[in-house]
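One structure is given here, and the rest of the page talks about it.
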């Protein structure tokens, strides 16, 4: 142990600075067949071509709000790791209770 307390780098040598990949337009990773499979699971038979971009936009805004709330819970607990309970509580706050992950 280096004696620097919980999670602190302290003085002296820090870790290597890593280059982070700049993420842009990752929502396109939700492919057309993936959206089609989700719709099929929901009982949809035919899908308009305009739906795919709309679904991506709705999914992105939903995930942004859940992640924002989850990170708020994490920061309040003075942690750096988002836990499954943080996500469960964030979903519960938005009125979408999720069972099976504790809490």
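Note that Cβ sites are derived from N, Cα and C of the backbone, with glycine treated the same way.
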Residue among 21, 80 with Swiss-Prot annotation N6-acetyllysine is 80
Which residue, chosen from 65, 84, is annotated phosphoserine in Swiss-Prot? 65
Looking at N6-glutaryllysine as annotated by Swiss-Prot, pick the matching residue from 45, 92. 92
Swiss-Prot lists as N6-succinyllysine, out of 60, 78, residue 78
Candidates 17, 78, 80 (modified residues) - the one closest to residue 61 (phosphoserine) by CA: 80
When you measure from the Cβ of residue 65 (phosphoserine), how many other Cβ atoms are you left with inside 10 Å? 14
Taking the Cα atoms as reference points, how far is residue 17 (N6-acetyllysine) from residue 78 (N6-succinyllysine) in Å? 23
